[in-house]
Amino acid sequence: MSNILDIKILRVSSMIDKKILFEEVILDNLEIAKKAKVINRDIEIKLIPNKIKVIYGVRRGGKTYFLFQIINKHFKDDFIYINFEDERLINIALDELNELLKIALSIKNTKNLFFDEIQSVDNWDKFVRRLNDSGFNIFITGSSSKLLSKEIATSLRGRNLKTEILPLNFKEFLKFKNFNVKKRYSTIEKAELLKYLNEFIKFGGFPEITLIDDENIKKEILKEYLDGIFYRDVVERHSIRNIKEIKVLRNILINLFANEISIKKIANLLKEFNTKISRECIYNYLEYFSDAYLIFLLNNFSYKTKTISYSKLYVIDGMWNFSLSFSKNKGRILENLVFLELRRRGFVENENLFYVKRKNYEVDFLIFGENKELIQVCYELNETNKEREIKAYEKAIKDLKLDNVNLKIITYNDEGFEKITVDDKEHLIEIVPFWKWSLTY
């Protein structure tokens with residue numbers, strides 16, 4: 001009898017402890033959300049009733065602060081915010097979610113629920129669906145596009161609106177620097193603008209890093225981000241055991257940014273580092289890295305449906321700092337930045353965004369939609385490379401039968417216009433600096 005009583009007392013005590021813990025978590029999270037200093041992003045979200053608002057993107061890219069931006073703008077004090085990466089909620093079970101919400105609603109009676117990184121909870125989608133069916137207004141975030149997509153494609157199909165968050169674009173970057181963007185700049189303002197552009201080219205647009213001045217600290221934090229993405233969003237998420245081998249692969253991929261890759265090329269490079277990974281595993285690992293937003297793979301355009309042997313690889317902001325040839329590759333970094341800006345503008349790799357490579361020419365980007373556009377990226381133009389880029393356009397227009405197409409060459413700071421004639425039709429090539437192109441969207 002005594003043992004049964006002791007067990008009951010322990011259970012009651014455990015329940016009380018859990019209740020106190022959950023209350024602390026809710027109150028702490030509410031305090032964080034209310035006190036957060038938010039610099040608004042240039043991103044809009046549709047607040048459609050009865051739809052679950054899904055916000056996804058790279059770890060540390062600004063998803064949480066975008067939630068705070070939404071709260072500040074639309075909900076003020078009428079919300080509950082729960083960060084499921086709070087260490088006190090690690091391994092929380094589905095039945096405990098109900099208790100957590102019950103306690104949260106006793107503290108703040110609201111219909112507006114903000115769940116940060118809820119994908120770490122098993123069966124989170126069923127919990128969220130039930131709440132949505134009960135009339136709650138729900139916002140969720142996650143760092144994995146595919147894991148979110150899997151649940152969204154089943155339990156939450158037709159019930160969600162998705163918004164992708166990437167690190168800051170250059171316009172937002174300047175806002176974080178308190179630089180006033182306008183149409184014309186004085187000599188001093190232009191010099192300051194180019195100073196910030198150089199910083200953006202070097203480190204990219206992760207929000208926290210943008211607000212730090214010390215370059216050594218910037219690099220340290222970037223390394224923490226790289227490790228966080230690698231260990232939490234790749235190794236842990238996919239239960240990978242051969243960490244040493246996949247880390248070698250990660251480093252190889254970063255060194256190959258803005259380059260064409262193939263499984264065969266990667267396998268040969270792994271051999272040079274005395275590392276063996278099967279081709280099937282390489283393919284799977286590329287998918288894991290892509291899912292975690294560490295890399296992006298862009299396919300060579302073709303009108304024919306065929307097996308893709310080669311892709312061009314790009315990395316998320318600033319990761320080029322960990323390339324061995326970083327200092328020599330400003331052109332590749334600029335190309336990588338152009339790719340990321342195109343992604344921010346809503347173009348999706350291998351759906352309406354490609355590169356074009358044939359035996360005798362190459363074009364960095366093809367936007368293949370209602371309005372077609374060819375884009376070359378060249379850090380600094382001279383007579384030799386200008387002629388090469390123009391000839392590539394002439395060949396691409398003929399080869400791909402692009403009668404009506406916009407043509408751009410994006411540079412560091414060169415600008416102007418060139419005219420070409422293809423099959424008796426005149427085309428205008430706009431040469432535009434990256435900073436101007438990125439600020440006029």
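Backbone N, Cα and C define each Cβ position, glycine as well.
What Swiss-Prot says about this protein:
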type: BINDING; residues: G57, V58, R59, R60, G61, G62, K63, T64; note: ATP binding site
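Where Swiss-Prot records a feature, it is marked here on the structure.
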residue	record	Cβ within 10 Å
G57	ATP binding site	21
V58	ATP binding site	23
R59	ATP binding site	20
R60	ATP binding site	21
G61	ATP binding site	23
G62	ATP binding site	24
K63	ATP binding site	21
T64	ATP binding site	22
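Within 8 A of the CB centroid of the ATP site residues G57, V58, R59, R60, G61, G62, K63, T64, the other residues of that chain are T141, S143, I165, P167.
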